[in-house]
Structure formats: C-alpha cells, structure tokens
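Asker: Take a look at this one; I'll ask things after.
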Amino acid sequence: MSLSTIICIGMAGSGKTTFMQRLNSHLRAEKTPPYVINLDPAVLRVPYGANIDIRDSIKYKKVMENYQLGPNGAIVTSLNLFSTKIDQVIRLVEQKKDKFQNCIIDTPGQIECFVWSASGAIITESFASSFPTVIAYIVDTPRNSSPTTFMSNMLYACSILYKTKLPMIVVFNKTDVCKADFAKEWMTDFESFQAAIKEDQDLNGDNGLGSGYMSSLVNSMSLMLEEFYSQLDVVGVSSFTGDGFDEFMQCVDKKVDEYDQYYKQEREKALNLKKKKEEMRKQKSLNGLMKDLGLNEKSSAAASDNDSIDAISDLEEDANDGLVDRDEDEGVEREYTFPGEERTKGEVNENSAPDLQRRYQEAMQQVGKTASSETAENIAKYIRN
C-alpha cells in the first residue's frame, strides 16, 4: 500500500495541533506510526514528535527581525523559505514510503498564510503530485452552533476545496464539548437549517437572522452549498477522548481511493493541458521572433524563386533557345558563295531569291532583342522578390 498524505488545515483555535497529537497516538496504537511534518514556524512547542520540523531550519523570530515583518508576514516568509527546499522534503518522504503508511502534516493556525500563499500552493502541489493527498479541514464544533458561523466555515471549506482541488474531509472537533449531530443535519436537511435560523431569531430578537437581508442570504448560500455537501465526508471527533478517529481513518481510506480514481486523472489532465499551453506559448514566441527578424518572408520568397528560376544564367540559356539554327545544321544547300569581303556585298543568284544574309541579320536582331527583353524582365522580377 502506497503512502498517503493528510494535510490538516483549520482556523486558529479549532484544535488542529491537538488533533494531530491524538491522530499520531491513535496510529501508533494501531502499530502504523505516521511520518509527521510540522509546518507551523511560530509554535513554541508541539506535543508530538516530528520527523521534519520547519523550526529546525527557519527561526521565526529571526525572520521577523531581519525582514522587519509582523507575525503573519513572518509566517508567510518562513513558508516561502521552506518551500525552496520542498524537493528535498519530498525526497526524504519518498525514501521512507516503504516504512510508513501515512504522512500527516500540521499547518499554521493562520489559515490564510498557508492556503492562499504561493508557498502553500507549492507545498500542497508537490505532495499531491507525488502521493495520494487528502485535506482534513478541522472545525471547532462549539463555535459553529450558530447558523452564521457554521455557514461562514462551510464557505471557507468550499473555497479551500476549490483552491486545492483535492479530496476533503470535514472534521468536527471537540465533540466531547458539543456533539456534531446538529451540523450533519444542517448539511443534509435544508428545512432543519431554516428552522435553526428561525430559532436563532427567537432567541436573539433583532440581532438574529430570522428576517431581512441576512436571513435571505444565509438561506441562498445553504441551497448553493447543497451540491458541495454531497462531495464531502463529515466526521465528528474528540481530540481529548480519542472518539471518532477510527471513523476518520475509514474516511481517509475512502478519499485515497477517490484520489486514485478521479482526482489523479484530473490532475494529470490539468498538467498535460498546462504543458501543451506552455509549448504553444513557446512556439508562438518563436514565430514572433522569426517574423521580427524577417526570416519567414525571406525563406518563402527564396522558395518561390527556386520554383520559377534557379539562376540568371538559366534565363540566358532559356533565351538562347529562340536563336535560328545555322544553315549547315539545317542541312540546307547554300545558294551563293562570296570570297573575302564580298560575302557581304554579293548579288542575288539567278533564281532571284531574297538576300539570305539580310534575312539572317534581321532574324538575329529580332531574336536578340526578344531574349534581352525577357532577361531584363526576369532580372527585375528577381530583384523585386
């Protein structure tokens, strides 16, 4: 069985790090210890042993001092620095894939620093292109007892799913404090969610959501997210007691199968399309360069000239084809003979035939004029092209 990657994402205070600790303990109890990676550079202490820890190579406070950044800017910069070595991280994980079945990754609590940053996309894409990857979106169940907060969390989960395009499991954490049954019901029953909105209005009066713009907006969003809910696996867990982690791992196995069946093919299509577009862009740039240099026009003009003429000497040879053959070549018996200079002054013989020399000279002048004219025209055409 190939190694699968679980990327844990959640808002600050959702219990993400505690979830990682309990998941690590659960898998070790099952005799399948995971390969653990910590990507939170600002955490002071992690309650689990990490095989790769971003804090070993990047000092968060030094980044703040050297680059004069605030907390969130330092987290983004730390992730940027770490992402430059992501190929080495992938290589290390690949070397251990025969010893581990799962790789679990903890991310910063400032969720936007990871999800919406370029470094977060690089890290996610690198793992997703090498291993079956699943997103575990951790939700604080007690905080989501309000319909407004619940809807906001679901919209955030939807945006993460759209951004990563990876299988997602919505994990309702802290079920030891508040059961997640109400959330599962809201996701599957629209009327139940409407009743919760009305109840919120009754409890909070004018501050509730039972009427007006907010009520209409929340109802519309719940209808819109109905298709989104159908693609999710939802599980309730308690990081404090350990309840629900068996169900969570079953969901992971299911999502890994979905990754191999659907997401992997879609990702390959997307990569091939991207590669094809890049090749087309390079070819277009090359054609533009050739056009700017004028190489295409010159080559096409030379090709057309080669089809019609090869050289100017060929024109002259073709023009000479119109010359009149000598009488000897034609086998005609000469009608007169003049010795010396008299060859050009003789009289016509007894048959009173036309002066053959005059006819010969006229023919030569006419043929020479025609050949020269054709040669001049062809030369002019060659120069113009």
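Every residue, even glycine, has its Cβ placed from backbone N, Cα and C.
Sequence annotations record features per position, and here Swiss-Prot assigns GTP binding site to G13, S14, G15, K16, T17, T18, N173, K174, T175, D176. Annotated site 'Stabilizes the phosphate intermediate' per Swiss-Prot: N72, in sequence order. As annotated by Swiss-Prot, region 'Disordered' applies to 317-356. Per Swiss-Prot, compositional bias 'Basic and acidic residues' is recorded for 333-348. Summarising the annotation, Swiss-Prot assigns ubiquitin cross-link to K369 and lists a large-scale study or a structure entry as the type of evidence.
I'd like to know what surrounds each of these features in this structure.
Answerer: The Cβ of T175 (GTP binding site) has T141, G236, V237, S238, D243, G244 as same-chain neighbours under 8 Å, each 6 or more residues away in sequence.
Look at N72 (site 'Stabilizes the phosphate intermediate'): DSSP puts it in a helix.
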Asker: Cα-Cα, whole number of Å: G15 (GTP binding site) versus N72 (site 'Stabilizes the phosphate intermediate')?
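Answerer: Counting only the Cα atoms, the answer is 19 Å.
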Asker: So how far apart do the GTP binders G13, S14, G15, K16, T17, T18, N173, K174, T175, D176 get, largest Cα to Cα in Å?
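Answerer: Across G13, S14, G15, K16, T17, T18, N173, K174, T175, D176, the widest Cα separation comes out at 17 Å.
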Asker: Counting every protein chain present, what is the number of Cβ atoms, excluding its own, within 10 Å of the Cβ of N173 (GTP binding site)?
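Answerer: Step by step: centre on the Cβ of N173 (GTP binding site), count other Cβ atoms within 10 Å, giving 26.
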Asker: Do you know offhand how many angstrom separate N173 (GTP binding site) and N72 (site 'Stabilizes the phosphate intermediate') by C-alpha?
Answerer: 25
Asker: Reduced to three states, what secondary structure does DSSP give T17 (GTP binding site)?
Answerer: helix
Asker: Count the Cβ atoms, other than its own, that fall within 10 Å of the Cβ of G15 (GTP binding site), considering every protein chain shown.
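Answerer: The answer is 22 other Cβ atoms.
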